[in-house]
Amino acid sequence: MPSLLLVVVAALLSSWAQLLTDANSWWSLALNPVQRPEMFIIGAQPVCSQLPGLSPGQRKLCQLYQEHMSYIGEGAKTGIRECQHQFRQRRWNCSTVDNTSVFGRVMQIGSRETAFTYAVSAAGVVNAISRACREGELSTCGCSRAARPKDLPRDWLWGGCGDNVEYGYRFAKEFVDAREREKNFAKGSEEQGRALMNLQNNEAGRRAVYKMADVACKCHGVSGSCSLKTCWLQLAEFRKVGDRLKEKYDSAAAMRITRQGKLELANSRFNQPTPEDLVYVDPSPDYCLRNETTGSLGTQGRLCNKTSEGMDGCELMCCGRGYDRFKSVQVERCHCRFHWCCFVRCKKCTEVVDQYVCK
């Protein structure tokens, strides 16, 4: 009997490990440094087999495009940082855990937060690959070949080395979507609904980067007269991409899977989402309390703002449990003076301030 129990427990642990692996665990490239291209032999499969969290399709792409992998890791890291910035004042603050799932069990729930995380990480990959192309780091791409904008003045030159957002978009689509596309779920199943949700949000993230890329120009001429301009395509600051996706998070559409294997609005009174919108299939879990099942870390010990009425305020952040006050010593630059020529000298001032943490 004990041996049978051990078998059952082992099976449950195995299936749970598989669930964690099935999460979007290519994100783990952000936490594990990927060797630079010059550090390994082109076509050497062991390098890709040693990278944690890749699906079979992603592993094949790794073998074909090994020099891209460090930039995929950079893109994932950029996405995680932006997620943590955007949610820094929310109950769920995009915390990472120390395993290949990166965000833990909370990503197994098809919530708004999961939708944002998929979108912003896909956006990070587009951003990193596009820039690597421009900087000459990848052998398969170079500067942007985007067509000259029709509204660009005739006497302005088009052809500076721009960010190759077209290539970045295409490669990110092929790599990031591989995990969802290589699976064959039963039509109308919850698993298929979740896969379609992930694909929609991946696309929304990529499109945010693609659509927000804009023309940048540099002046040429005697004494800065700007008699001539050279222009190129340039990525938007990633913070602006994050802001755009946060707006999409706030207006994300609740969806459900149909028997025909398509996502439809859970409430038909709302507008159909566009490819640039975020969607979700599950309600968000309770982020107030720590819950091992849902992966919620809770808000106990989180800093809160006593005077704010927003999500960062102690009343909302602490979910009505109350908060503790403690004294904190902060060191800041003060009494700064400009000295000729040319530097600024400051003193260091210490201040004891009250801070508050959730019970």
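Using the three backbone atoms N, Cα and C, a Cβ is placed for every residue, glycine included.
If you go by Swiss-Prot, C336 shares a disulfide bond with C346, out of C342, C346, C349. Among C319, C334, C341, the cysteine that Swiss-Prot records as disulfide-bonded to C288 is C319. When Swiss-Prot is consulted, the disulfide partner of C143, picked from C133, C141, C161, turns out to be C161. Here C342 is paired by Swiss-Prot through a disulfide bond, and of C341, C349 its partner is C341.
Among the candidates C318, C334, the disulfide partner that Swiss-Prot records for C349 is C334.
Neighbours of C161 (disulfide bond), defined as other CB atoms within 10 A of its CB across all chains, total 15. The Cβ of C336 (disulfide bond) lies under 8 Å from the Cβ of V344, R345, C346, K347, each on the same chain and at least six residues away in sequence.
Set side by side, the disulfide-bonded residues C226, C318, C341 differ in how many other CB atoms lie within 10 angstroms of their CB, and the most is found at C318. Local packing around the disulfide-bonded residues C141, C288, C334, C346, C349 was summarised as the count of other Cβ atoms within 10 Å of each Cβ; on this measure the leading residue is C141.
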